[in-house]
Amino acid sequence: MSESVTLSNAFKVMKRKIHIVIFISIILTSIVGTISAFFIKPTYQASIQILINPKKEENYSSQVNTQLINTYNVVLKNKKILDDVRNKLSLKVSMDELRTNISAQTEKGSQVISIIVQDKDKQTAGKIAQALAMSLEKEIPKLMNVDNINILSEAEISQEPVRPKPMLYMLLTCIVSFFFNLVIFTLWTVFDNKVKDASSLSQELSVPVLAVVPKI
């Protein structure tokens, strides 16, 4: 009961101090929006699809196909593949940085792998994705003695950055700011021992109010 009363009191305090809440929210949201829009360099994404196509004469089960796809996902970030891409494109990024910017996705029950690359430059992201697919297509027969990879299309480059997202960040800041203010005002209510009026004093001491001295 006391917790609900404290929370209720906190909301009342927030209501009385609503101008402070709004001011803090506006300031924090503006700071986050400005930083994400003007000070963080945007990151773009490119993707390319490759098809893992088992030979017709071989009877692959769905489990084997899944294992093959998982294997190719690992091979995709292999040092040999990444070195080939770095040399082909004369990239200045480190091996670890390049590996971090690469991911692969598969649709459930599908034999298609989407290679996804993120970079600060959209054209570079597209070139890396294309080079990865070509390197994978070239190296897989040497590594696994199979030739079952086909590139389905050219790399697709996102025209809009995948991050930062100023509007999303600003919305999240507003939500976080509200709960931050709620916590602050709740603590304020809990630790504020000042007597505000006769009714609060009566409730605190569990005694009736006999008289109230008016302000002079």
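Every residue, even glycine, has its Cβ placed from backbone N, Cα and C.
What TrEMBL says about this protein:
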- 5-89: domain 'Polysaccharide chain length determinant N-terminal' (DOMAIN)
- 118-183: domain 'Tyrosine-protein kinase G-rich' (DOMAIN)
- 20-40: transmembrane segment (TRANSMEM)
- 168-191: transmembrane segment (TRANSMEM)
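Note on the transmembrane segment (20-40): residues 14, 163-166, 169-170, 173-174, 177-178, 181 of its chain, located 6 or more positions outside it, place their CB under 8 angstroms from a CB of the stretch. Residues of the domain 'Tyrosine-protein kinase G-rich' (118-183) grouped by DSSP class, helix first, strand second and coil last, total 41 helix, 8 strand, 17 coil.
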